[in-house]
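As structure tokens, the structure follows; a few thoughts come after it.
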Amino acid sequence: MNTIDQLNFKDKKALIRVDFNVPLDKDFNITDDKRMRAALPTINKILNDGGSVVLMSHLGRPKGGPEDKYSLKHILGDLSKILDLTVKFAEDCIGEDAESKAKNLLAGEVLLLENLRFHPEEEKGDVKFAEALSKLGNVFVNDAFGTAHRAHASTTIVAQFFPDAKYFGYLMAEELKNAEKVNHGAAKPFTAIMGGAKVSDKILLIESLLDKVDNLIIGGGMAYTFAKAQGGEIGTSLLEEDRMALCLELLDKAKAKGVNLILPLDTIIADKFDNEASKDQVDTGKIPADWMGLDIGSKTAELFAETIKNSKTLLWNGPMGVFEMANFEQGTRAVADAVVDATKNGAFSLIGGGDSAAAIAKFGLEDEVSYVSTGGGALLEYMEGKELPGVKAIMS
Ligand SMILES: Nc1ncnc2c1ncn2[C@@H]1O[C@H](COP(=O)(O)OP(=O)(O)OP(=O)(O)O)[C@@H](O)[C@H]1O
Ligand SMILES: O=C(O)[C@H](O)COP(=O)(O)O
């Protein structure tokens with residue numbers, strides 16, 4: 001793998017694609033800076049070699065033009081603090097000002113470019129736009145694992161302007177190494193834990209996992225569509241009616257492939273979507289009308305934990321309930337604790353997806369699992385067996 005270890009960056013100007021798409025609150029405070037910290041080893045290696053760094057990223061999903069709330073200037077202060085130097089800023093990611101700031105950058109200095117997605121050409125993968133970006137450095141480094149599934153100008157197309165000078169950053173290499181441990185040659189028993197809101201987001205992943213795993217645990221909002229498809233009553237719980245037939249198909253496929261597909265037995269129900277709602281615990285297929293399932297029940301938590309603790313490889317994507325509300329976080333916490341126990345007993349545990357990573361961070365367990373990915377969609381697509389365009393562009 002072509003990583004930055006193969007180059008001494010002395011007097012080089014590295015154009016680095018990072019994924020600084022971090023969550024901001026309404027006052028533009030960063031609520032989780034993990035993705036920024038994860039890029040530090042790459043940036044520091046280049047600076048320590050005596051090189052300079054031009055950072056490019058997107059933030060959010062602007063509608064094709066500048067929008068203040070998506071400006072990367074909001075993260076400039078934190079980035080300077082984390083790097084312990086004053087990061088410079090270019091108010092447009094291409095053009096004269098960016099070019100002259102990049103050109104005048106001295107060894108040890110860092111320039112951050114404004115949000116790439118303020119130009120619609122970025123998401124279109126426009127070649128001219130990519131060429132304009134390529135003028136800002138003489139080596140291209142891709143360290144944006146979280147965005148590697150997008151064939152955008154800065155993640156993919158720009159690489160063609162650096163045929164002999166394109167490298168993976170350390171984060172990218174680490175993410176791929178850990179994802180690979182699960183994707184190929186995972187130690188058995190291999191258990192995947194799927195949760196989150198929707199079946200439709202995870203269909204391809206579930207289908208591809210059925211060829212690899214011994215156990216497939218399904219919790220979270222998506223479990224109610226399975227319950228309803230099996231003839232259960234689910235009240236006002238999350239339901240994707242048009243996916244019920246598919247759920248039955250997945251159950252059949254799991255059976256045919258000898259995969260132990262485990263669904264919730266019981267559910268914590270609420271009379272409204274509110275932390276202060278009235279609560280009760282019932283069997284998953286017997287939820288009264290007007291009540292909704294917001295977490296797995298205690299029997300289910302025990303059942304899931306038992307399977308998890310007996311596993312040697314674990315992939316977890318998606319929370320078991322509405323973990324953001326303290327009264328409905330128990331199931332997710334129980335699964336997190338079981339993943340930690342299994343890891344202590346020698347299992348390899350990979351946590352992926354924005355919300356599962358947020359849950360693990362909320363419980364303070366980030367250092368107790370094997371690896372927490374910075375990727376959401378990118379990790380899912382990789383696990384589905386798709387080639388990531390951002391990765392391919394460096395390899396080819
Ligand atoms: N029973 C439920 N009812 C309603 N919402 C739920 C339920 N269980 C989980 N959720 C919600 O699902 C959301 C997470 O779903 P999502 O599919 O986005 O998870 P993820 O795969 O971890 O993250 P991402 O795909 O964003 O990287 C959380 O906000 C959580 O509150
Ligand atoms: O948060 C992510 O998953 C990445 O930054 C990609 O963002 P996108 O889904 O808006 O392309």
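Glycine residues also receive a Cβ, built from the backbone N, Cα and C atoms like all the rest.
Under the DSSP three-state reduction, Asn21 (substrate binding site) is assigned to coil, being neither helix nor strand. Counting only same-chain residues at least 6 apart in sequence, those with a Cβ under 8 Å from the Cβ of Asn21 (substrate binding site) are Arg35, Ser57, His58, Leu59, Gly60, Gly146, Thr147. Feature annotation from TrEMBL assigns substrate binding site to Asp19, Phe20, Asn21, Arg35, His58, Leu59, Gly60, Arg61, Arg117, Arg150.
Under the heading (2R)-3-phosphoglycerate binding site, TrEMBL lists Arg35, Arg117, Arg150.
For Lys202, Gly293, Glu324, Gly353, Gly354, Asp355, Ser356, the entry in TrEMBL reads ATP binding site. Reduced to three states, the DSSP call for Glu324 (ATP binding site) is coil.
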Can you tell which of Gly60, Gly293, Gly353, Gly354 has the most other C-beta atoms within 10 Å, given these are the binding-site residues? Gly293
Could you check the binding-site residues Glu324, Asp355 and say which one's CB has the fewest neighbouring CB atoms inside 10 Å? Glu324
Any idea what the Cα distance is from Gly353 (ATP binding site) over to Asp19 (substrate binding site), rounded to a whole Å? 14
The rounded CA-CA distance in Å from Gly293 (ATP binding site) to Asp19 (substrate binding site) is 34
